[in-house]
Amino acid sequence: SEGCERIVNTAVSANIMLYLTKEYHMGESGSAVIVFAYQASTNFLPIFGAILSDALWGRFLTISLTLFACTIGAVLLWLTTMVQTLVAEDCGNEDQNSQSCHSPTTLQLFVLLTSLVFLSIGASGVRPCSLPFGVDQFTHWSGTRKDRALKVLFSWYYVSMGGSAIISITLIVYLQDKLGWKIGFAISVAIMALATFLNIVTSPLYIKVKPQKSTWLSLVQVIFVAIRNRHIQFPEVGSGLQYHNPGGLEVVVPSRKLRFLNGACVLRVHADRSNTEVLNDNSWNVCTVDQVEDLKRTLSVIPMWSAMITSLLIQQASFRVLQADTMDRRVGTTKFRMPAGSIAIFEVITFTLWSGCFDRLMLLVLQKITGREQVLSHKQKMGIGVLFSIASALAASAVEAFRRKQAIRQGLENNTYGVVNMSALWLAPQCVFAGLTSAFGSIGQMEFYYAELPKTMSSLAMALLLLAIGVANIGGTAIIKLIKVITARGGRIGWLPDNLNQGHYDYYYFLLALLGMAGFIYFVACCYWFEEPAPIQLVEPQEDEADGT
């Protein structure tokens, strides 16, 4: 299900820029805003899908409903190429900015944007729920057998993510480029219809775990009680009996991290009608130490989550499809021309090969060299991902500066659609660095969130990465708008005009690299802050029956 959804949405994301500029006659910057907004919603909405899944609907129902929504979106996008009133006017060889080339009508834009909304809704439930739903199938397993099965599941999940992207940005994008938008979008409809049908047919085979409303209610209770007890005096360290630890002889003292929440688990006494002191342990008056620590773990991932946004912004706020469209896309000496939307294949192949081989080959070698079971922690993987994102931005800046000089030297400065005598394979290094950013940063994030958050919130753990990508897309849109406004003052061309050959997109990429460096410093600071001691565990002293001590 997720493989099919990713094939369709990734193909749309890779090629929709060309569809907007060539078929809907929109400028590059205007198209970029729509694309970034679409990508942001595709990654932002899963946080709501995760909450609905974990608290109300359950994972299978969420996947089923959003698969149907994604199918509707694919159908609407296909109709923009089939129904005459929804097809934008063909300008032929006319320049898109000429007066004879009219902008799309309100109805045409409405249907197009609605299709993108439904595609985003499709991603909102499928992406955060698929892997946790796979984990649910091993609910009745235990021990090392379950651990091995889950390790294989996660490994193949990463490979399937890359494999889906490879299919979408090679086969699907190629068919859209060579056979036309009608056939290309029709294939997307067929893929989503097949996925929706198979999901319904195979429903009886699955284990469906019921949603846990109590988990989310528990977090709300901790916040409510902590605010209510904000003026309470905390017990001294070692007096663990004054914290709420229901059941068992073991007493747990909450950690000092986010200490203001500890008031939620402090026991208070009050006198009843017979003037006997009793503990007020109602769930809305006092919470357990475990509840408080669950909320702390949930809140603690927020700084780490925010620290990774800059690296994701560098990945998302890229114009390499438009750059590839102005470069020589022939592969070697053959006549085959790579579609501009397929330039990201280098990123996806890098991600797929690295994520698929790391656990199976490279990790074993590193374990033998270092003698440690865990070679890289989750935070170390995330930090390496940030560094690779900076390298990607610097490589993009250098290549774009060289491409623009070549365009000016060949007299293409005023020719928007002129092809520079420079191979599009020059864009491969930045794509490889972007793939390594995902292989380390994105996978490190997923594993970190999954390890830190309560298991009943596993869908939220998967959605946090997508939420960060959505925020990065919104940030990319804002940065592009801001740069365009500031640099184009006084009638100047600015850094980001519609004609790449007249702008300074290399300055833009260098600015992203500087943002990435600032993000890395913030990430290191967050790692230092996150290193906090675990809750102190105290065991009740037992009376020795022999001597009474």
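Just so you know, glycine gets a Cβ as well, placed from its N, Cα and C.
Automatic prediction, not curation, is the source of TrEMBL annotations.
Per TrEMBL, the feature transmembrane segment maps to 32-53, 65-87, 155-175, 181-207, 342-363, 384-403, 423-443, 464-487, 507-530.
The stretch from 342-363, 423-443, 464-487 that makes the most Cβ contacts under 8 Å with the transmembrane segment (384-403) is 423-443. Contact between the transmembrane segment (32-53) and the transmembrane segment (423-443) is absent: fewer than three CB pairs lie under 8 Å, with pairs separated by 6 or more positions in sequence. When each of 65-87, 181-207, 342-363 is checked for Cβ pairs under 8 Å to the transmembrane segment (155-175), 342-363 comes out on top.
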